[in-house]
Structures are given as structure tokens and as C-alpha cells.
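Encoded as C-alpha cells, the structure appears first; notes follow it.
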Amino acid sequence: MSEAEARPTNFIRQIIDEDLASGKHITVHTRFPPEPNGYLHIGHAKSICLNFGIAQDYKGQCNLRFDDTNPVKEDIEYVDSIKNDVEWLGFHWSGNVRYSSDYFDQLHAYAIELINKGLAYVDELTPEQIREYRGTLTQPGKNSPYRDRSVEENLALFEKMRAGGFEEGKACLRAKIDMASPFIVMRDPVLYRIKFAEHHQTGNKWCIYPMYDFTHCISDALEGITHSLCTLEFQDNRRLYDWVLDNITIPVHPRQYEFSRLNLEYTVMSKRKLNLLVTDKHVEGWDDPRMPTISGLRRRGYTAASIREFCKRIGVTKQDNTIEMASLESCIREDLNENAPRAMAVIDPVKLVIENYQGEGEMVTMPNHPNKPEMGSRQVPFSGEIWIDRADFREEANKQYKRLVLGKEVRLRNAYVIKAERVEKDAEGNITTIFCTYDADTLSKDPADGRKVKGVIHWVSAAHALPVEIRLYDRLFSVPNPGAADDFLSVINPESLVIKQGFAEPSLKDAVAGKAFQFEREGYFCLDSRHSTAEKPVFNRTVGLRDTWAKVGE
């Protein structure tokens with residue numbers, strides 16, 4: 001497949017193709033402009049893949065610009081986290097990291113230009129009064145009593161704002177547009193507000209800060225952005241974007257295009273709701289493996305390639321829709337099925353003793369991947385006492401049960417055929433030990449007499465077992481659309497985290513965070529970056545071997 005054929009197609013790329021063909025632009029320049037007031041989530045990944053992917057495919061540029069206009073909510077911690085997430089996803093920004101605060105002097109000068117043109121005024125209504133005067137979708141707004149101040153008075157008052165002569169909330173700079181506009185965003189929007197807060201980039205130089213709608217379009221223009229890509233909730237804001245650029249002296253006028261944001265089943269994307277999950281300790285942090293944050297997905301074991309593939313599959317449209325969680329899970333499942341080495345771990349262990357096994361043990365050879373001989377093999381210790389999963393044994397079972405049954409045979413993965421002879425139980429009737437015999441002539445081969453042994457189960461040698469904690473993560477919410485619930489916290493899935501104490505083959509003592517394994521017959525797991533220790537590794541389940549939620553929804 002050629003590079004051109006491999007490219008995704010969507011309405012934004014069609015616009016870019018037309019712009020390049022007509023000569024409107026000779027290169028493509030996009031940007032990703034997050035506000036550093038939280039951690040990025042899977043929805044941001046869609047925007048990252050779109051903006052950086054377009055720049056990559058068209059051999060253009062993509063800027064990383066922090067929209068840092070509200071020092072009260074922002075922190076350098078988020079700046080560092082966002083940079084790390086973008087790089088982890090496999091993208092590189094053009095030149096240095098940019099900040100909207102880099103342009104505060106120019107933004108201030110453009111605000112003065114609007115005042116001089118009679119297109120901006122200092123308003124002393126309270127924030128509550130401004131909301132009241134703005135009107136509603138069905139009622140037009142009404143003019144502020146301060147709307148018709150002279151240019152000279154507005155210049156003096158704006159300087160007083162900058163000098164700290166007003167308290168917070170006592171004055172703001174507003175655009176003078178149309179209080180009767182059918183678009184509320186055009187009813188004299190606020191351009192500057194007062195905040196006495198230290199800024200992570202500019203310190204205490206400023207006590208007035210520009211609003212997003214004023215900052216965004218000018219920053220795009222100053223950086224020479226050709227295509228400014230936003231999600232659909234900014235569709236009406238495009239009118240203000242164009243109004244600002246049309247009314248200041250700036251040579252470049254980028255165009256804004258909107259696409260649908262990512263909505264994903266069984267989770268929430270609202271920063272407020274995600275913050276509530278963290279602050280109320282429903283999860284252990286922003287990187288909790290159940291969170292839709294990029295850091296959470298990474299800790300859970302998602303790969304950058306799987307997230308990029310997911311963003312490619314869902315595409316870019318103008319229609320809002322909700323994506324099934326199974327779509328995301330299938331991307332990581334396919335990636336790890338192809339690339340993850342295999343290992344054995346027993347999650348719910350029960351002891352199995354092979355009574356006729358002689359000697360202290362031996363090493364058996366196992367492929368690291370059944371379909372990729374180039375991934376090599378490993379030596380796994382085998383002995384007369386092993387751990388198997390409790391679900392892999394029954395005293396009685398029907399023919400559909402292809403595991404170990406009392407009086408019947410099963411194969412141990414890459415080892416011997418065994419037969420269950422008897423069991424030992426505790427006072428409550430729970431099986432504590434399964435006693436078996438083995439066929440010594442069946443190491444990785446069929447029985448000599450031709451009898452068929454259909455089932456295969458995994459195991460771990462008890463003498464060599466590595467004790468591990470296994471965290472079985474599942475979907476955070478029990479309903480597809482938790483945001484629609486009266487109280488989204490009431491539909492948290494109580495089974496979203498189940499912690500088990502199990503045993504793994506000893507090779508897993510060398511596991512490192514970020515490297516996935518398929519625990520055979522169990523699912524895909526990775527070492528937890530936060531809780532693991534050399535003495536007690538902790539493994540997170542990334543995803544199961546198959547979609548167990550499909551039956552739930554039927």
C-alpha cells in the first residue's frame with residue numbers, strides 16, 4: 001500500500017487537499033493547544049492524532065501550545081504531563097513548546113487597538129450582572145450602562161486594570177459587538193478579566209489575563225496556523241474567532257474547522273467528573289488504570305500504537321456519536337496478541353501434587369510466542385507439585401468442560417498429560433489439594449497408545465513460583481452512558497477492580513513496567529509502575545482475551 005493510500009480520509013483532509021491544490025496554502029501548519037489544568041484523556045488523543053498526524057502526512061508542522069490564560073487552575077505539573085503524553089503517543093512538535101503567555105504583550109496591544117477603534121470597553125458590571133444582561137437563547141441581551149464610555153476613558157480604565165487598581169470581579173474588558181445577536185457568544189464577550197495570581201510562566205508580571213476566545217485566534221495567527229481544528233462545542237465561537245481577527249491589524253487569518261469530540265462508553269470525559277473521581281478517592285489518582293486518561297491507559301498496559309490505531313479507526317466527522325468501549329479494547333487486544341510474549345500465571349491457585357513424579361524437577365521449553373519463532377523460547381521449571389487455577393478442576397463435569405475432572409486426563413501446557421485421582425478438602429469442604437498421576441512419556445507429545453486428550457491447562461511449579469499480586473481491572477462504570485445518570489457516582493462498577501494473590505512463572509521476576517505479557521488463557525497483563533516491588537510484583541490486567549461484556553449487553 002502506498003503512503004497516499006494508507007492515509008485516512010476525512011472532510012478536514014479534503015479541505016486541506018483543496019487548499020493546497022488551489023494555492024491558498026503552500027504548506028500545512030496545525031497546532032494542539034491544551035490548557036494545562038489537568039491530565040490528557042483519550043478524547044485529547046483523538047485531537048493529538050488528528051493535528052500531529054496531518055502535519056506528518058502533509059510534511060507540515062504542528063505546534064504544541066499551552067493555552068495558559070488562567071493561572072488559578074494551571075500548574076507546571078500538567079505542562080510536564082502533557083508533553084510526556086504527546087511524546088509517548090509518538091509525536092514531536094515543531095520547534096519549541098509554545099505558550100499563549102508568550103503573546104501576552106501582543107494580546108494586550110491588540111486589546112488597546114480594539115479600544116481605540118471603539119470596539120471594546122471596560123465594564124464594571126459584576127459577573128452576575130453580566131450573565132443577567134446577556135439574555136438567553138430566546139431573549140436578547142441588553143446593553144451595559146458602561147457600554148458607551150469614550151475611547152479615552154476606556155484606555156485609562158484598562159490601564160488601571162493592568163496596574164492593579166481594581167479588585168477581582170470589579171471590572172473587565174468586553175468586546176462591543178451586538179447584545180441582540182442570536183449567538184450568545186457574540187453578545188459583548190469578555191476579553192480580559194482580573195486575576196491576582198502568580199502565573200507558572202510569567203510570574204506576577206500580569207494581573208489581567210485574556211480570555212480563551214480572544215487568545216486562541218490571535219495565537220493561531222501569530223504562529224501562522226493554516227487550519228485551526230476544534231471540537232464541535234466551539235462551532236459558535238468561530239464567529240468570535242473571525243470577528244477578532246477581522247478587526248485587528250494582523251496579516252494572517254487562519255480558519256477554524258470543527259470536528260466531533262470523542263465520546264466513549266462506560267466512562268466519563270468531563271474534567272469536572274474525572275476530578276471528582278480523584279478527589280473523592282473513587283480511584284487512586286489521575287493515572288488509575290480505570291481512568292480514561294492517557295497516563296491511566298499507559299499504566300494499564302495500553303500501547304501508543306493501539307491508541308493511534310483506535311483514533312484512526314473511529315475517524316473524523318462532524319456528527320457527535322458514542323464509541324463502544326469494545327472498539328478501544330479490540331485495538332489493544334489485537335496489538336498485544338501480535339506482539340506480547342507469553343507467560344504463565346495462576347490467578348486463583350490450588351495445589352496439585354503428581355504422586356508418581358520422581359525427582360526434584362526439570363526444565364521444559366516453551367515458545368515465547370506460538371506464531372513467532374523469532375521471539376525465541378524460554379526454560380520453565382516443572383516439578384511434582386504445581387499450582388493450577390481453581391476454575392480448571394471439577395470433581396464432576398459435562399462433556400463441554402475441557403479441563404481437569406476427577407478420574408480423567410488433561411494436558412499441562414507444554415508438559416505432561418496428568419490424571420486426577422483424588423482430592424483433599426478442608427473442614428468447609430473446599431478443595432485444598434488435587435492428587436494426580438502423570439504419563440511420563442507425554443512430554444510435549446501425544447500418548448503412545450493413541451488416546452485423545454483434548455483439554456490443556458496452564459500451571460506454575462510450586463517450588464519455583466513467584467508470588468504476585470494480580471489486579472483485575474474492568475470498566476469503571478456498569479452502564480454504557482454514566483453521564484446520563486442522575487448521579488454518575490452511583491453507577492460505578494463495584495467489580496472494576498478485583499485484587500488476587502497468585503503465582504507466576506519465575507521468568508516474570510525480570511518484567512519491567514510498560515512491557516506487556518499474555519498470561520496464557522487469562523488475558524494481557526503488565527507490571528504496575530506504582531505498586532510493584534522486587535519482592536512482590538504487581539500485574540495489571542490490560543484486557544481479557546475476549547470481550548466478556550458482549551454477552552452482558554445482549
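Cβ atoms here come from the backbone N, Cα and C positions, even for glycine.
Note that the structure is a prediction, hence the values are computed from the model and not measured.
Within the set 8-12, 268-272, 498-502, the record from Swiss-Prot flags 268-272 under the feature motif ''KMSKS' region'. Annotated range for region 'Interaction with tRNA' in Swiss-Prot, selecting from 29-36, 141-148, 317-324: 317-324.
You'll find the Cα of GLU35 (ATP binding site) roughly 5 Å from the Cα of ASP67 (L-glutamine binding site). With DSSP classes pooled into helix, strand and coil, the tally for the motif ''KMSKS' region' (268-272) is 2 helix, 0 strand, 3 coil. Secondary structure of the motif ''HIGH' region' (34-44) per DSSP, as helix, strand and coil residue counts: 3 helix, 1 strand, 7 coil. Sequence-distant contacts of the motif ''HIGH' region' (34-44), counting only residues of its own chain at least 6 positions beyond either end whose CB sits under 8 Å from a CB of the stretch, comprise 66-70, 73-76, 78-79, 81-82, 85, 200, 212, 261-264, 269, 271, 274-275, 286-287, 291-295, 297, 307, 310, 328. With DSSP classes pooled into helix, strand and coil, the tally for the region 'Interaction with tRNA' (317-324) is 0 helix, 2 strand, 6 coil. ASP67 (L-glutamine binding site) is 10 Å away from ASN37 (ATP binding site) when you measure Cα to Cα.
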